[in-house]
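Feature annotations, reproduced from Swiss-Prot:
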type	residues	note
DISULFID	Cys31-Cys79	disulfide bond
DISULFID	Cys40-Cys70	disulfide bond
DISULFID	Cys41-Cys53	disulfide bond
SIGNAL	1-18	signal peptide
Amino acid sequence: MRIDILATAALLAQLASASPAPAKRQTYIACSGLYGTAQCCATDVLGLVNLDCGNPPSLPTSPDEFSSVCSAIGQRARCCVLPIVSFMRLIIQDYPISY
């Protein structure tokens, strides 16, 4: 009887140690490459220039959250190439990067 209990305990311990570790999630990067600056912008001029832009108030963890964070302050999520001055961004991409 003791051998059965010890064998069962040893088997359970071995199974528990063999289970895979939880996978780490990759950090979401809203904008990358040429369009590397994540911004919340209010005014779009011909899809080339956005006015009244600023950094998102919180770090987004998904494309939907990036859009909702900017929407919450009355602006739209944009990925920009070149900051010209603090209130204007040049050459934008309409949508943040998805998974």
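Every residue, even glycine, has its Cβ placed from backbone N, Cα and C.
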Cβ atoms near Cys31 (disulfide bond) (within 10 Å, other residues, all chains): 21
Cα-Cα distance linking Cys79 (disulfide bond) and Cys70 (disulfide bond), given in Å to the nearest integer: 12
